[in-house]
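The annotation compositional bias 'Polar residues' is assigned in Swiss-Prot to 356-367. If you look up Swiss-Prot, you'll see S446 marked as phosphoserine. Swiss-Prot lists 337-372 with the feature region 'Disordered'. Annotation source Swiss-Prot lists transmembrane segment at 5-25, 46-66, 81-101, 104-124, 135-155, 165-185, 511-531, 557-577, 581-601, 610-630, 650-670, 673-693, citing sequence analysis.
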Amino acid sequence: MRSVVLVALAAAIGNMLQGWDNATIAGAVIYIKKEFHLEKEPKIEGLIVAMSLIGATLITTFSGPVSDKVGRRSMLILSSVLYFLSSIVMFWSPNVYVLLFARLLDGFGIGLAVTLVPIYISETAPSEIRGLLNTFPQFCGSGGMFLSYCLVFGMSLQESPSWRLMLGVLSIPSIAYFVLAAFFLPESPRWLVSKGRMDEARQVLQRLRGREDVSGELALLVEGLGVGKDTSIEEYVIGPDNEENEGGNELPRKDQIKLYGPEDGQSWMAKPVKGQSSLALASRQGSMLPRGGSLMDPLVTLFGSIHENLPSENMNASSRSMLFPNMGSILGMMGRQESQWDPERNNEDSSDQDENLNSPLLSPQTTEPDDYHQRTVGTMHRRQSSLFMANVGETATATSIGGGWQLAWKYNDKVGADGKRVNGGLQRMYIHEETANNNTNNIPFSRRGSLLSFHPEGDGHDQVNGYVQAAALVSQASMMPGGKGETAMLPKEVKDGPGWRELKEPGVKRALMVGVGLQILQQFAGINGVMYYTPQILEETGVSSLLTNLGISAESASLLISALTTLLMLPCILVSMRSLMLSTIPILILSLVTLVIGSLVNLGGSINALISTASVTVYLSCFVMGFGAIPNILCSEIFPTSVRGLCITICALTFWICDIIVTYTLPVMLKSIGIAGVFGIYAIVCAVAWVFVYLKVPETKGMPLEVISEFFSVGAKQQDAAASFLSDG
């Protein structure tokens, strides 16, 4: 995993440059005003700062769709070039107009980085550490601000500080970013899969994961190309298989699925549960309308049912999965068969290599029962992990996809009137196990090593003898089986790119509502307005009175305080993202209210300065820990691969438009209603944001991206269907 961490860190340098720019312009604008005599021109001052935001907004309009066509890596390289060019022009700027043009170029680079870096990291990171890696952009942004504030503070101590040098230093880290983007960063494997470039995607995954066999994850990326096609949630009870036929081969009973373990002789039976569901996932999906007048979105409850049943964080790696030990290795045995993933062996024609997914996951199983009897159980255990449905003819193979999830496929074969089997299509299954904490049947179990030791109870086959419960999202597969079942073909329509009509999908619309809502509330909570003008705000609140005895000017003192503030901006996504926002937003409200009170009540210069400085510091630190980092992370996770670039563009446009409004209007608002009025408005917005997060924002931590999209789709469709049924009734 070391490689994927380094890749995420290198990509996040683009955000470090954004933070660097935010800090330098905040310090440089103090001296820009003096040189160009803008003290009485707050609109021009605001335009100098906001011009980069205008550029970011303009470039964001095209960044998502263009990145879907040319790739994420190419756009990051372009971002580094724009950063460098803008810094050179800012260093040369002879007048305000050239400076405004340079700020526009700078905004182009910022817009590309801020929009695409979270997407890039989400598309390259494994689900188990995706949330942690996605803190890198915010961490690097805060680090860039800290370093830049320190640099600007040092320059401000000179007799004649040069704002051109402050802005021009950006060219140095821009060169480093270009080198890393051009020669170190790989292309996003999900983007490569969406273009049918399977062999390149496999090589990238091998590099990022540090192992040769990545066939399971590669198949997951293919399945992520199609979301929400008649998805249903099914419930299973899984227990020991003690049935044997006369030949020693274990056969499943009717309507049961056999799961083979990693060792010879290990097998389980998965029995579909009919009637009222006892599983949290399946039962909560049963009623998608709010109950008892509750305003909480049922999707929040549906996602929550997954995280309530995840093993505790302090479990060791071998016990994180009750049903699938070692993160799913009971079913994911194909990972040991590196030789099975061989384009030359599976497909003589190498020209079709990019079109086909030559994967053991769709194994060449025969569909006739007699062929199955000819196989020995031991060979089946060693070569693949399979699921068989008796008397129906369904076969499937499965692999672990992280986060306690398994991806499985089954051929939905039907028996025709002539007694022959007819291919009913390929279905995928995202399987998730329940933990002991939610064992509603009170069935005893014990843990032996990393495997479960089952204790059958009762007589007869009609009684539930299993001790592990699981739920599965079942829908039509994106892959299309090849001639003998050895090859999974990519859907032809994938290469045509996303269309606007896909935004009408219920799951995509619901995800857009969450993403756009978070971006609006985040910006109108005032974070960027506060950051851009932190030196001036602290100067106006009287912070210089605390440092006059040190011989430091008011401008330098405010820059020093800003540097110390950014040092505290250490984001933390080691816990639930939803819980982190719900915990930190009240602190934001409290700090803003304290700032308002400190501005209205005269307690003396030193006391007022301390209150204002402490309030701003707490606000910035808590904001970046929660509400500042999470919206971009969440937006990079909740959309399907086929429309991710387009949806991120919509969210990013919302981000930049709101950012422009906040940044451009702040100088005017400070003069008209003062600091107390401005931060009073921000406090009200934060209160609204807390309500929105509580009612509408689900928890996605640790879930594969494809599963997240599937949940949004199935939840939104079923809720819409239920609402339509009630309205018609």
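Including glycine, each Cβ sits where the backbone N, Cα and C put it.
The model shown is predicted, which means the values in this text are computed figures rather than measured ones.
Listed as Cβ neighbours of the transmembrane segment (46-66) (distance under 8 Å, sequence separation of 6 or more from its ends, same chain) are residues 21, 25, 29, 32, 75, 96, 99-100, 103-108, 110-112, 114-116, 497-498, 532, 644-650, 652-653, 655-657, 659-660, 663-668. For the transmembrane segment (81-101), same-chain residues at least 6 beyond its ends with a Cβ under 8 Å from one of its own Cβ atoms are 14, 17, 32, 36, 44, 47-48, 51, 108-110, 112-113, 164-165, 167-171, 174-175, 177-178. Put simply, of 5-25, 165-185, 581-601, 610-630, the stretch with the most CB pairs closer than 8 A to the transmembrane segment (104-124) is 5-25. Counted as Cβ pairs under 8 Å, contacts with the transmembrane segment (610-630) are highest for 581-601 among 135-155, 165-185, 581-601, 650-670.
Only sequence-distant pairs (6 or more apart) were considered; of these, at least three Cβ pairs between the transmembrane segment (650-670) and the transmembrane segment (511-531) are under 8 A, so the stretches are in contact. Packing against the transmembrane segment (511-531) from elsewhere in the chain are residues 22, 26, 145, 503, 537, 588, 616, 619-620, 623-624, 627-628, 630-631, 634-635, 638-639, 647, 650-652, 654-655, 658-659, 661-663, 666, 678-679, 681-682, 685-686, 688-689, 692-693, 696-698, 709, 712: each is 6 or more residues past its ends and has a CB under 8 Å from a CB in it.
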